[in-house]
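Asks: Structure in structure tokens, see below.
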Amino acid sequence: MWSSLNDWLWDEKFWLPPNVSWAQLEDRDGLVFPHPRDTLMAVPLALALVVVRFTFERFVGLPLSRWLGVRNQNRRPATPNATLEKHFLMKGRKPTESQMNLLATQCGLTLRQTQCWFRRRRNQDRPCLTKKFCEASWRFAFYLCCFISGTMVLYHESWLWTPDTCWENYPHQPLKPGLQHWYIMELSFYVSLLMTLPFDTKRKDFREQVIHHFVTIILISFSYSLNLLRIGSLVLLLHDSSDYLLEASKLFNYTHWRRLCDTLFIIFSLVFFYTRLVLFPTQILYTTYYESIANLGPFFGYYFLNILLVILQLLHVFWSYLILRMIYSFIKKGQMEKDVRSDVEELDSSDGEAAEECPQMKNGAAQRPGAAPTDGPRSRAASRMANGHTPAT
């Protein structure tokens, strides 16, 4: 049964151009061709990359963050409360107003104290700044290495400069060792990202990230198996050309080097828009849709490839929208705001009234909710006015 399923799945009439068989792509006369089974190497390599990543973050990223002065924000832990904790874990992190009132009554707390507890509890689950720095440092190092190595592999290849040559003598194109190693390493990296996604910093585009990783893994595996490495290598290099700039911008954002962060982000945005919104559709999508079948005729693999590339382009448009929002904020305020995909750290009081929402002990007694603070210039001025004094003008 498994053999029949495997034969059906890899039926050459699905994946290969007309009049081409898998037998024609077997190694012969010193020529090596890619085989679908080669992609299985990505699984153990991905596990090895996970180990390398955590080692890198522990012994390189973390010390580097301390050396650059990255400091985690002090967070007050939520007071242990079984009722509120059960609701937080089972029913939701952000209760409605009616649920808040009911929980406050059950726990003998005021509404503001209950709201404060949920804000502090949500903050406990948010990743600290050093964790974000370590993750970004690993991705920066890997993307930069991949971009440099990919450039070295492809620089002397004709299809880097004229994409239509990707289809010369396709699919009878021998596999070069350097291209194979770079390609499998890229596949392993995206598999490792998918493995660690549940443990990484979750952003608002989490679903889009999952879709992106799945599409990328399928696209790399599919293109390797069908000997579409030429066009696949262009897609990978085009993505790597901007990814390391984004991670570098994040690193300097976490270290509060604002001017350098803003400069890198603007450079990243320009590279991203040019590569993803100009080069990708006009060079990659054009050649895969029109030039790829000029001498072959359409087949199922042709449609499958273009569907995956279109999904990738839709994700490019979505992320371009997020980048434009950040650029608009930069132009409006003169400073780059937080990543719009990031979850915002909540203050103990969203209105700045910490004393009202989270009563603190003062001189051994809890300050009443709603009472004005007893010290500070504003309270002293209020006291003078209450005693009949008016401020000088």
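Note: Cβ is positioned from N, Cα and C throughout, glycine not excepted.
Pulled these from TrEMBL:
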- 39-56: transmembrane segment (TRANSMEM)
- 84-128: domain 'Homeobox' (DOMAIN)
- 86-129: DNA-binding region (DNA_BIND)
- 131-332: domain 'TLC' (DOMAIN)
- 140-161: transmembrane segment (TRANSMEM)
- 181-199: transmembrane segment (TRANSMEM)
- 260-280: transmembrane segment (TRANSMEM)
- 300-324: transmembrane segment (TRANSMEM)
- 343-393: region 'Disordered' (REGION)
- 345-356: compositional bias 'Acidic residues' (COMPBIAS)
Asks: Thinking of Cβ pairs under 8 Å, which stretch from 140-161, 181-199, 260-280, 300-324 has the most of them with the transmembrane segment (39-56)?
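Replies: The stretch with the most close Cβ contacts to the transmembrane segment (39-56) is 181-199.
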Asks: By a Cβ-Cβ criterion of under 8 Å, what residues six or more beyond either terminus of the transmembrane segment (140-161) are in contact with it?
Replies: 56, 176, 178-179, 182, 185-186, 189, 230-231, 233-234, 236-237, 240-241, 243-244, 247-248, 250-251
Asks: Helix, strand, coil residue numbers for the DNA-binding region (86-129) per DSSP?
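Replies: Within the DNA-binding region (86-129) the tally stands at 32 helix, 0 strand, 12 coil.
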Asks: So what's the mean pLDDT when you look at the domain 'TLC' (131-332)?
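Replies: Result for the domain 'TLC' (131-332): average pLDDT 92.
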